[in-house]
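Visitor: Sequence annotations record features per position, and here Swiss-Prot assigns signal peptide to 1-22 based on experimental evidence. Sequence annotations record features per position, and here Swiss-Prot assigns N-linked glycosylation site to 31, 56, 85, 95, 118, 138 based on experimental evidence. The feature disulfide bond is assigned by Swiss-Prot to 34-156, 40-153, 82-185, with experimental evidence given as support.
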């Protein structure tokens with residue numbers, strides 16, 4: 001299920017994800033503007049690069065932890081079950097302007113954040129003893145929240161962008177156990193792939 005929402009208010013909801021809360025509720029703000037609660041840091045782009053590098057450095061370990069925790073048939077069928085075949089994933093163009101790349105990064109991080117929330121919720125039910133996986137998912141979500149905050153600051157402070165249409169990650173609540181595991185694996189495969197591209201692009 002895709003939910004389109006616009007602007008800073010849904011973003012602020014995403015910035016306060018609770019693990020396992022699923023997709024944030026869509027809210028359409030009235031005349032969305034750049035409302036930042038705290039001053040932006042001077043070295044925002046360095047922080048964004050650092051956070052992307054941190055995510056890129058841990059993405060493969062998260063992917064391995066995930067598919068290992070799912071058990072068979074996942075570890076021996078990665079291409080078939082965990083290929084990054086996510087059709088509604090937001091696009092990214094590495095050769096765009098900084099502003100265009102930041103807008104696309106914003107969309108991607110919102111999508112990934114809600115996806116991770118759904119994956120974490122599902123894994124706590126499907127694999128309650130996989131504590132290292134839960135911890136890694138939570139740590140990744142924390143970095144994504146910080147990254148999102150920095151991207152918002154940069155877009156608002158430098159480019160006066162207060163309105164971006166976003167697509168949230170797919171809701172898995174109505175899917176069966178195998179489909180939840182498979183979609184999670186595909187999303188983390190896509191995450192591993194795109195985060196490497198993003199880390200190189202900034």
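The backbone N, Cα and C atoms fix where each Cβ goes, and this holds for glycine too.
Keep in mind that this is a model prediction, so the values were computed, not measured.
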Visitor: Say you check the Cα of residue 82 (disulfide bond) against those of the disulfide-bonded residues 40, 153, 156; which is nearest?
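Guide: In terms of Cα distance, residue 82 (disulfide bond) lies closest to 153.
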Visitor: Which glycosylation sites are spatial neighbours of residue 153 (disulfide bond) here, meaning Cα within 10 Å, out of 56, 95, 118?
Guide: none
Visitor: Please tell me which one of the recorded positions listed here (34, 56, 85, 156, 185) sits closest to residue 95 (N-linked glycosylation site), measuring Cα to Cα?
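Guide: Given the candidates 34, 56, 85, 156, 185, the nearest one is 56.
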Visitor: What residue among the disulfide-bonded residues 34, 82, 153, 156 has the most other CB atoms lying within 10 A of its CB?
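Guide: Highest number of other Cβ atoms within 10 Å: 82.
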Visitor: Taking the Cβ of residue 185 (disulfide bond) as centre, how many other Cβ atoms lie within 10 Å?
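Guide: The Cβ of residue 185 (disulfide bond) has 22 Cβ neighbours within 10 Å.
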Visitor: List the Cα distance (Å, whole number) between residue 34 (disulfide bond) and residue 40 (disulfide bond).
Guide: 12
